[in-house]
Amino acid sequence: MGIRRIGLVVPSSNVTVETEMPALLSRHPGAEFSFHSTRMRMHTVSPEGLAAMNAQRERCVLEIADAAPEVILYACLVAVMVGGPGEHHRVESAVAEQLATGGSQALVRSSAGALVEGLRALDAQRVALVTPYMRPLAEKVVAYLEAEGFTISDWRALEVADNTEVGCIPGEQVMAAARSLDLSEVDALVISCCVQMPSLPLVETAEREFGIPVLSAATAGAYSILRSLDLPVAVPGAGRLLRQDSAVTAS
């Protein structure tokens, strides 16, 4: 089968997804992966900064296509969700169309679409969120997920505008925000609604503490990549979402 080649389109100041995604998929029992990134300039997570970043998408898609990936993940969740309900479908379709014009058959996923996909895979209706965003952007994320049919029971915005600083948010701060949520009637917790906010070491710990499925933008992205490649979803130590097919691979 060979090494599965994954393309990542990331904000220039994002370093976490390029750390957490390889760490996750390196645990897969049946496949090897390589990761190849292209970058869109962005430092401040604001409507203006996100719009300027999204304007660079076509250039980045052309560049990443040269690496001939099997799957491309558009790895900035809020940049898609600020576009309004259903934007992940439009972005994924536009990128796929651009790739096809250039002769690439790469599959296309987005962090925004992957989170929706992951929550549905967990059959979650009532959801709680921890986001790093300023409150107005966090409200757009909440509205986006509610438009997808989820009930956002409670949420927290850590209100960090500098994207480099988002990548340095301590795990203790993320867990403190999660503990402040009302999780009494929640089906799932998104402990990091952002691929730049580090959370991979927290997912299993939070699942044990809270007794509910816990996922992140990174684990949802890994789930979507594996499903797109028709690979078993069996990644240990990363939460219930990535154990969907563990019994199958064990047998």
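Keep in mind that glycine also has a Cβ here, set from the backbone N, Cα and C atoms.
In Swiss-Prot, the annotation S-(2-succinyl)cysteine falls on CYS76, out of CYS76, CYS193. In the three-state DSSP scheme, TYR133 (substrate binding site) falls into the coil class. Note: the substrate site is recorded as ASN14, CYS76, LEU77, VAL78, TYR133, ASN163, VAL195, GLN196; in the same chain, PRO11, VAL45, ALA75, ALA79, SER111, PRO132, VAL166, CYS194, MET197, ALA217 also have Cβ atoms within 8 Å of that site's Cβ centroid.
In this structure, LEU77 (substrate binding site) is part of a helix by DSSP.
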